[in-house]
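As written in TrEMBL, here are the features:
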REGION    1-272  region 'Amidoligase domain'
DOMAIN    9-272  domain 'CTP synthase N-terminal'
BINDING   SER19, LYS193, THR194, LYS195, PRO196, THR197, GLN198, LYS229  UTP binding site
BINDING   SER19, LYS193, THR194, LYS195, PRO196, THR197, GLN198, LYS229  CTP binding site
BINDING   GLY20, VAL21, GLY22, LYS23, GLY24, VAL25, ASP77, VAL247  ATP binding site
BINDING   ASP77, GLU147  Mg(2+) binding site
DOMAIN    312-542  domain 'Glutamine amidotransferase'
BINDING   GLY365, TYR393, GLY394, MET395, GLN396, GLU416, ARG476  L-glutamine binding site
ACT_SITE  CYS392  active site, nucleophile
ACT_SITE  HIS523  active site
ACT_SITE  GLU525  active site
Amino acid sequence: MASKKRARKYIFVVGGVISGVGKGVTVSSIGKILQSRGLKVTAIKIDPYVNVDAGTMNPTEHGETFVLADGYETDQDMGNYERFLDVTLTRDNYMTTGRIYQSVIEKERNLEYKGRCVQVVPHIPLEIISRIKGAAEKADADVTVIEIGGTVGEYENILFLEAARMMHIENHDDILFVIVTYLPVPSKVGEMKTKPTQHAVRALNTAGIQPDFIIARSELPLDKKRKEKIAVFCNMRADDVISAPDVESIYDVPVNFEKDRLGDSILKKLNLRPKTTDLVDWRAFVDRTKKTKGDVNIAVVGKYFDTGDFVISDSYISVIEAIKYSAYAVGKKPKLTWLSAVDFEKDPKKLQQLKKYDGIIVPGGFGSRGVEGLISTIRYAREHQIPYLGLCYGMQLMVIEYARNVLGLKGANTAEIDAHAPHVVIDIMPDQKALLAKKDYGGSMRLGSYTAHLKPGSIVAGAYGAATASERHRHRYEVNPEYIEQIEKGGLVFSGKSADGRLMEFAELPKKAHPFFAGTQAHPEFQAHPLNPHPLFTAFMKVAAKAKGK
Ligand code: GLN
């Protein structure tokens, strides 16, 4: 049905002072509270780097690459938007400097600028604006919330701010600006400082933009005095300075914003009629996260945890969130431990630690680092009857482990690590071979949603409660067709296959052999939402929860 002509509204969210204080969660939460008031909401992420997409970046440095249903490789914030808003976003909702320049250059080469001189200003901001409006149009959104990556005052995002400013000149009534800043409480001083926020707002003013709201992130809530001080120095009303202290969980944020009536204030400024909020389901979920008693202990064993002296879980954020939703769904409090596979290689005795977990997950990954540690982990889970879920690489390594230790195929491996291994049980997909030979790495894997046909009566068919499952993918390698028969004869069941029957999408051991030992070539974690936990994770969690107290 064609939509009635109505003014689309846009909210730009920018960052000040420091990065990493929750712009993505602010965008998701503003989106959620507007959605809860009956508006159609979509969200856009703008990343200022030159990479055309997020697929070529190292997860230990940039965090997880989030894959959209249409196969676009994006930033982890897109995952937050999808999870909070319970929507499926598209490639139109994501852009980088690289992508913008690439398309302006393509248009120039195609003579689409009709002989004009193509300039950084205005052509780059105009391209940005046309993409923002296009995404809003396509989603038929009442409100589009746009996150501009980075912080104000740096070179990288200036053209995106310029695009936002130009949109605002064109239409004052339909556009709002939100700046997320940080107020430090230096331990020696013991007092919350507003000066960095004042500077950040001044930097934003220099770009021709005055914020409508300040989201004041800090360890502690903002007192009245500081709100008033910021209001005076930043030229705004104290009520529009929103206190955003640290919270236990990101899912508390929409509820906290509503406590400050942020929804009402936004609607008023956008000339939209305030509707009563309906965060009922969301509040019920948040309640569950606080009241659930009784732990389920899950170990995620991966290879992208350590960066210098820090351990980060950002590389597996979707997996971690998926575990949480399914734990709550089966009435347990998730206790997560991340273990580095490299440690198990250095000291195999450490594998004994795995005994204490109710379930083990090996998530996706690339390359050889830590792989032998992961294979030993999977062996331990299989031999000790610990529920196991393998995701992408986690399924490929499960096949390798089975081939080596059950079928006796010594030296079985993946071509990704050793193309000349005696048994290449995981091989490169034929169409991928040509791409790699051309060094065509960007956006060239098997990406996005594909449907698998599930074997009736299998664990996975039971989990999905369906004959097919559509999941997102991101891989170049597959189970080598030449070994399928031998592996199945040896007891590992390929319980889901691609529509043409060629690619092995799910593998499992029958229930009589192991309580839950299953893997998928896909990344189901990308479709797990708080209000819609993922059935495969939930099936795994049910068994893990029962394993408790064994
Ligand atoms: N490295 C493997 C492949 O490319 C697995 C990829 C993944 O885990 N996402 O096939």
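The count begins at 1 with the first shown residue.
Backbone N, Cα and C atoms are what each Cβ position is placed from, and that goes for glycine too.
Whatever TrEMBL says is automated annotation, not expert-curated.
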What are the non-local neighbours of MET395 (L-glutamine binding site), defined as same-chain residues 6+ apart in sequence with CB under 8 A from its CB?
PHE506, ALA507, GLY519, THR520, GLN521
List those of the recorded positions VAL25, LYS229, CYS392 whose Cβ lies under 6 Å from any atom of ligand 1, in sequence order, or write none if there are none.
CYS392
In sequence order, what residues of the same chain, 6+ apart, have a Cβ less than 8 Å from the Cβ of GLN198 (UTP binding site)?
ILE230, PHE233, CYS234
Inter-residue C-alpha distance, SER19 (UTP binding site) and ARG476 (L-glutamine binding site) (nearest angstrom):
33
Of the binding-site residues GLY20, LYS193, LYS229, which sits closest to TYR393 (L-glutamine binding site) by Cα distance?
GLY20
Inter-residue C-alpha distance, ARG476 (L-glutamine binding site) and VAL247 (ATP binding site) (nearest angstrom):
40
Calculate the per-residue pLDDT averaged over the region 'Amidoligase domain' (1-272) and state the result as an integer.
93
Using other CB atoms within 10 angstroms as the count, which residue among the recorded positions VAL21, VAL25, VAL247, CYS392 scores least?
VAL247
Taking DSSP as the reference, which of helix, strand or coil describes LYS195 (UTP binding site)?
helix
Count the other Cβ atoms sitting within 10 Å of the Cβ of LYS195 (UTP binding site), across every protein chain shown.
12
Indicate whether VAL247 (ATP binding site) is helix, strand or coil by DSSP.
coil
